[in-house]
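**Q** Below are the features listed in Swiss-Prot for this protein:
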BINDING   Gly18, Leu19, Ser20, Gly21, Ala22, Gly23, Lys24, Ser25  ATP binding site
BINDING   Asp69, Ser70, Arg71, Ser72  GTP binding site
REGION    283-316  region 'Disordered'
Amino acid sequence: MSGQASPGAESRLLLVTGLSGAGKSTVLKVLEDLGWEVVDNLPLALLEALIDAPVKRGEAERPLAVGIDSRSRGFRPALLVRRIKELREGGGRDIQTLFLDCAGAELERRFSETRRRHPLAEDRPAADGIAREREMMEPLRRWAEHVVDTTNYSSNDLQQEVRQRFGEADDGEPVLNILSFGFARGLPRNADLVFDMRYLRNPHWDPALKPGTGLDPDVAAYVIADPAYEETVSQIERLILTLLPRYRAEGKSYVTIAFGCTGGRHRSVHVAARVAQTLRGSGYEPTLTHRNLDSAPQDGLEGKPPSAARASGGAR
């Protein structure tokens, strides 16, 4: 026996692509840590040869991640989409595409911070290359099964997102992430469910609580004391527990549930932590991410403070 095997019906291939500066290198490093075989900047002409190359029998089930972007030799998005279709139609391959997106202003900031030049604008402003690349990549973005917007992600946030999406889930359960965020700092682009916690009274306007977060006991107690808190949060928990088995039956591999308040530091943080604890008590294993927890409190983001009349009614 040769000790080699051709890729079988369970072979898994993930094409990792997207805008320059959006995080492809970070994604490939995490996938490698998760046990994937990783190849970056592969010329498009070699893609099929790589997929069909014999592998050792013990590694036949190892998933393969291939990084391809505008720097790759022979890169043409429309042609790549066509080749993916052909490879799928050939059977025996689970081929998916992950596209990393990011807002132009944030990409400009990243290129400026690292002092790197955009690959499509070596002698021009980065904004020119970003705009050109975005237009070029649009066919791939529309085609991709997985689109992750990294605009508001730190490196750690992106690493966690990749682990949630492409780590091994147990017993067919979807990978579950609970996220808190601030509406004033942008909606999360990848959430399946979004709950607005701004109806609860806001600890930001209490000088003693403003510097704290929803993880602090005194802030949590303030939020819990809202007359609407227990009834509404309990209803949200019941809804989520009803939906999760249905998501599993539908075959969803990951579910992100987001809780937002104005700044993302108080109400949403507390409620997200409570819901995550409730889900753990029901046998789930969610990860918990607080997107804006480390952001500085800003009065300008929180709107107008409650009126004196409202404060006298207990909504401080």
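Glycine residues also receive a Cβ, built from the backbone N, Cα and C atoms like all the rest.
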**Q** Identify which of the binding-site residues Ser20, Ser70, Ser72 has its Cβ surrounded by the largest number of other Cβ atoms within 10 Å, counting every protein chain shown.
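**A** The most densely surrounded of these binding-site residues is Ser20.
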**Q** For Gly23 (ATP binding site), which DSSP three-state class applies?
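**A** Going by the DSSP assignment, Gly23 (ATP binding site) belongs to neither helix nor strand, so it counts as coil.
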**Q** Give the distance between the Cα atoms of Gly23 (ATP binding site) and Ser70 (GTP binding site), rounded to the nearest whole Å.
**A** 14
**Q** Return the residues near Ala22 (ATP binding site), defined as same-chain residues 6+ apart in sequence whose C-beta is under 8 angstroms from its C-beta, sorted by sequence, else 'none'.
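**A** Looking at Cβ-Cβ distances below 8 Å from Ala22 (ATP binding site), excluding near sequence neighbours, one finds Leu100, Asp101, Cys102, Leu107, Thr150.
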**Q** Of Gly18, Gly21, the binding-site residues given in the record, which has the fewest other CB atoms within 10 A of its CB?
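**A** Counting other Cβ atoms within 10 Å of each of the binding-site residues Gly18, Gly21 gives the minimum at Gly21.
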